[in-house]
Amino acid sequence: MPASGARTSDPNDTQARQDRLNGLTDDLNYRYAVEQHNCYSTFFVNHCLDKARDAMREERAAIRSQQLALDDEIRAQRAAQRNQNAAIKAAQNQADAPQRAVNEQANQKQYDEKQRQAVLDKAQRDAAASDRAANAPSDAEHDAEMQRKLDAARQQGALDAQQRASNEASYRQKQADYQTKLKQAHDNAAADAQQRADNAQKFADKQQAAAQHKADVEQRQKTAADKQKQQEEQDRQQQEQNQQQQQNPQK
């Protein structure tokens, strides 16, 4: 049975490679059916059928080897993609954490500011009531109290501003770290893809060389078989000629 030629395809296009293997299988089944049909018109039917079956099994084993390699590569690609997606998602969550903390702190600051303002307003009301109850203390004492409260509010505002600046610096640093990790993940993915492409090309080259060697061996076997068949035909003709001579001896 003649061997089918190895067809090259894009190593990264797994669907195209799967279609190619399916096509090789269909072609093998068709050629084997044709060989079986042709064997019944030969003299040595069983020998012809055995030879066709052995050739079919050898080709089917080669196709099966390629199918197993492709299945392993697809599983490895899917696992690498899952790992990469998980790493990117984890890095994104880590990068977003500082911003979430900043937002939560901003909300807390607004709440604390309202609470402080409420305390301040109450203190002012209480102070005014106390002033009225004490028969209006001096304006100097009132101004001093207001100044102390104003200074305390300014001091707290400065501390809050310092904390916000620290949080923003931390956020920018984590964003930079995330970008670095993301670039590294992309670079690693590209390197892995190139390695898979190189491995697939090497495998295809080996398969093509094996197919060529198989074709050469089969051609030599076919040539030897043809010569043997020709010799058997000559021997048969010679035997018939001898039998005719024995049946019709010269007088």
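Cβ atoms here come from the backbone N, Cα and C positions, even for glycine.
Marked as compositional bias 'Low complexity' by TrEMBL: 85-97, 187-212, 239-251. According to TrEMBL, the feature compositional bias 'Basic and acidic residues' maps to 139-152, 213-238. The compositional bias 'Polar residues' annotation in TrEMBL covers 163-182. Marked as region 'Disordered' by TrEMBL: 85-251.
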Long-range neighbours of the compositional bias 'Basic and acidic residues' (139-152), counting only residues six or more past its ends (CB under 8 A): 120, 123, 127, 131
Residues of the parent chain within Cβ reach of the compositional bias 'Polar residues' (163-182), under 8 Å, 6 or more residues beyond its termini: 87-88, 91-92, 94-95, 97-99, 101-102, 105-106, 109
